[in-house]
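Chemist: Questions regarding the structure given below will be posed in turn.
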Amino acid sequence: MEKKLKALSHLYVAVFMSGFASSIVVPAIIDVTMFALCPGTDECSAAIYVSGIQQAVIGIGTALMMPLIGNLSDQYGRKSLLTLPMALSIIPSAVLACSRTTNFFYAYYALRTLTAMICEGSINCLALAYLADNITDSQRASAFGILSGISSGAYVCATLAARFLSVGSTFQVATIVSMLALVYMRIFLEESIPDRDDGMTQPILKESEDAIQRDGNVVPRKMPAFKRIPSLGDIICLLRSSPSFTQAAVVAFLYSFAEGGMVASSMYYLKARFHFNKNQFADLLLIAGIIGTASQLFIMPLLVSPIGDGKLLSIGLFFSCINNIIYSLAWSPWVPYASTALSVVMVYASPSLRSIVSKQVGPAEQGKAQGCISGVSSLANIIAPLIFSPVTALFLSEEAPFHFPGFSLLCVAVTLGIAFILSLTIGNAPSNSSDKNSSGRMEV
């Protein structure tokens, strides 16, 4: 028990440091992009389109890579696969740490696009699989909520730090912390390879083995790594493995589609409508992050048992929908700040959804399952900017068919409303495995 708690504490520290490094650049990157593409202006359609294209390309890459990374982590361990995204995430920040001129921005843009195909979401995916290896089914929603709270806490600390750092210093700090996170993870985090002899559930995706004759006996021949890469048929089989898994995948797609629309729209909407600057963005993110972190760490674990992860998912989606409606109708700069109060329940959606997914597969398939859902989410992130970026640019311009600057955010709210309705059919997902057989896992 003590050994597992220590292992999880090292995971939390590594996730915190990695999240800090990736989050600290968020408030600054808008200003860097605007300065490189449209210096001296508050409205820049080019910046919106460039960010949207990058988000779509990253989505294509992650949709292909997440199932692969998750599957390889089932084979070779979570720590081994964590090394790749944590190492690659250092490179883009290092470029802008040197200079923020136009040429360096384009170099960052290209490197960020390429590396994010592997890094975007993979650290969280592998961390969730690591937790599932060591936590009982009944406690996973709480554990996933704590992990999400740690990530949110990193976001809060990073946003607060960005408030007091110059743009150049921000990227230098991000580079150093990324390097420290990688070194810490490699030194202290123990490897976690799922037990394939657990016997709790029948694997959904059976591994293929070729038989060969040796000394008159039939012996299975170990397949090379590339032959164990999940095919499209494997992924479809996994998605159809249970009704709850299928419904969760649909909700994950809609939720990520809405999140992608929010990313593609909100910052540019606030900058054009209320002339938000770097510090105002940082303040807004800081307030929302503090509220969300406190809720995930201290409130959500108390609600999982009496309410269940299915209802927590619905609650999170419902209030996310309300939040975007408020954003779209914002009539004053204080309105977005006031709506951050809804973060106290909005943050329940993602960890509850991941918990539902985790309960539908066996211990040797956690990486596949989390990677599959991450791939579905990435597919939504491909589509979202292609739709929301042009809509945002249109309704923020003088050529809008009617005056409604927040129209794209209203569309986000509609998407979340549909996801909320569908989440009501998931209910509290039953577990495909029994806690009584999970003596190797611990309660939290």
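Placement of Cβ uses the backbone N, Cα and C atoms for every residue, glycine included.
All TrEMBL annotations are machine predictions without curation.
Copied straight from TrEMBL:
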DOMAIN    7-429  domain 'Major facilitator superfamily (MFS) profile'
TRANSMEM  12-36  transmembrane segment
TRANSMEM  48-69  transmembrane segment
TRANSMEM  81-102  transmembrane segment
TRANSMEM  108-131  transmembrane segment
TRANSMEM  143-165  transmembrane segment
TRANSMEM  171-189  transmembrane segment
TRANSMEM  248-269  transmembrane segment
TRANSMEM  281-300  transmembrane segment
TRANSMEM  312-331  transmembrane segment
TRANSMEM  378-396  transmembrane segment
TRANSMEM  402-426  transmembrane segment
Chemist: Quick test of the contact rule: Cβ under 8 Å, at least six residues beyond the ends. What residues does that give for the transmembrane segment (48-69)?
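Modeler: For the transmembrane segment (48-69), the sequence-distant neighbours (Cβ-Cβ under 8 Å, at least 6 residues beyond its ends) are 33, 37, 81, 84-85, 109, 112-114, 116-118, 120-122, 125-126, 229-230, 235, 260, 263-264, 268, 367-368, 371-372, 374-376, 378-386, 388-390, 392-393.
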Chemist: Excluding the flanking five residues on each side, which residues at least 6 beyond the ends of the transmembrane segment (12-36) place their CB within less than 8 Å of a CB in that stretch?
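Modeler: Contacts with the transmembrane segment (12-36): 44, 47, 50-51, 82, 86, 89, 93, 96, 100-102, 105-106, 123-124, 127, 146-147, 150-151, 153-155, 157-159, 161-163, 165, 167, 170-171, 173-175, 177-178, 180-181, 184-185, 188-189, 267-268, 271, 277-279, 281-282, 285.
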Chemist: Cβ under 8 Å, sequence separation of at least 6 from the ends of the transmembrane segment (171-189): give me the contacting residues as numbers and ranges.
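Modeler: Same-chain residues near the transmembrane segment (171-189) but 6 or more away: 7, 10-11, 13-14, 17-18, 20-22, 24-25, 28, 79, 82-83, 86-87, 89-90, 93-94, 96-97, 100, 161, 165.
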Chemist: Mean pLDDT for the domain 'Major facilitator superfamily (MFS) profile' (7-429), rounded to an integer?
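Modeler: Over the domain 'Major facilitator superfamily (MFS) profile' (7-429), the predicted model scores a mean pLDDT of 84.
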